[in-house]
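**Q** Once you've had a glance at the structure underneath, I'll fire off some questions.
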Amino acid sequence: MPSPNSSDLSPPSFILASIPGLEAAHFCMAILLCSTYILAVAGNCAVLFVVKMETSLHTPMYFFLCMLAAIDLAMATSTVPRALSLYWFNSTEIGFGACLLQMFLIHTLSAVESTVLLAMAVDRYVAICHPLRHAAILTNAATVKIGLVAMARGIIFFLPLPLLLLPLPFCGSRVLSHSFCLHQDVMNLACANTNASVVYGLTAILLVMGLDAILICLSYVLILKAVLCLASWKERLKVFSTCIAHICMVLAFYVPLIGLSVVHRFGKGLAPLVHITMGNIYILVPAVLNPIIYGVRTKEIQRRILNLI
């Protein structure tokens with residue numbers, strides 16, 4: 001007969017977090033979450049369709065935008081439907097393997113998005129500082145290679161995260177802090193030494209998102225230096241305005257990421273609502289805002305979407 005604690009060594013499931021005391025409001029929260037998800041899917045699908053149909057947008061910048069749209073669709077689809085089943089059907093359990101797979105997808109897609117945002121920053125730098133060489137440096141073939149490298153980079157750096165958690169025992173609480181699985185959240189439930197997971201997770205974040213953020217800032221320092229060398233303020237504003245949409249997208253990605261990291265590190269005493277809200281913002285805000293940002297800034301996208309409507 002198996003021992004009573006045998007399931008602790010290989011947990012059959014984790015418990016996704018709901019908001020204690022607000023069970024009556026779960027249906028309304030699910031409607032809000034579902035509406036946001038539909039908006040994200042519609043916006044990103046519209047961007048993909050418009051860029052495909054509008055030949056004038058077949059440039060590296062908009063190919064990168066399509067990559068972001070595909071990433072945001074994958075990120076939202078890998079998390080939101082499971083969260084909706086939690087709120088609508090009270091399906092709180094998620095299997096151990098499914099949890100590790102979801103965790104891998106979330107972290108890998110975040111790394112890929114960070115790399116693509118860096119590539120877009122480099123694209124702006126080359127377009128402004130070396131405009132005559134832009135077409136030769138960032139060709140369509142180079143754009144495809146950058147996308148493949150971004151995907152490979154995310155997989156290589158974040159595949160070890162679930163592998164490091166796989167052999168750990170989970171003998172205490174299995175209640176997560178969010179309605180989806182994150183590495184740090186799952187790791188904190190293990191009843192064994194997790195130093196290897198802590199060190200590797202922090203190293204991966206610093207070498208991917210941290211390094212990308214530094215290089216994006218460096219790109220904009222060089223762009224500002226080149227813009228300030230222009231003769232008139234009108235010309236400076238006109239050139240720098242081409243970067244506004246990308247800057248907004250960078251903020252939409254990194255601000256929720258930093259906020260979620262701060263909540264995990266310093267917010268252990270905060271209400272569950274704060275953790276769940278920050279998690280949903282991290283997943284959905286970039287997916288919702290990215291198509292809106294470029295829809296507002298790009299007349300071709302505006303015109304095509306209005307024609308569709």
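Cβ coordinates come from backbone N, Cα and C, glycine included.
Reproduced below are the annotations present in TrEMBL:
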TRANSMEM  24-50  transmembrane segment
DOMAIN    43-294  domain 'G-protein coupled receptors family 1 profile'
TRANSMEM  62-80  transmembrane segment
TRANSMEM  100-122  transmembrane segment
TRANSMEM  134-159  transmembrane segment
TRANSMEM  198-223  transmembrane segment
TRANSMEM  244-267  transmembrane segment
TRANSMEM  273-296  transmembrane segment
**Q** Under 8 Å between C-beta atoms and at least six residues away from its ends: which parts of the chain pack against the transmembrane segment (198-223)?
**A** 107, 110-111, 114-115, 117-118, 121-122, 124-125, 128-129, 153-154, 157-158, 160-161, 164, 183-184, 187, 240, 243, 247, 250, 254, 257, 261
**Q** Give me the stretch from 62-80, 100-122, 134-159 with the greatest number of Cβ pairs under 8 Å to the transmembrane segment (273-296).
**A** 62-80
**Q** Which residues of the same chain, at least 6 past either end of the transmembrane segment (62-80), have a Cβ under 8 Å from a Cβ in it?
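**A** Same-chain residues near the transmembrane segment (62-80) but 6 or more away: 33-34, 37, 40-41, 44-45, 47-48, 51, 102, 105-106, 109-110, 112-113, 116-117, 119-120, 123, 140, 143-144, 146-147, 150, 179-180, 249, 283-284, 286-287, 290-291, 294.
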**Q** Average pLDDT across the domain 'G-protein coupled receptors family 1 profile' (43-294)?
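**A** On average, pLDDT over the domain 'G-protein coupled receptors family 1 profile' (43-294) sits at 91.
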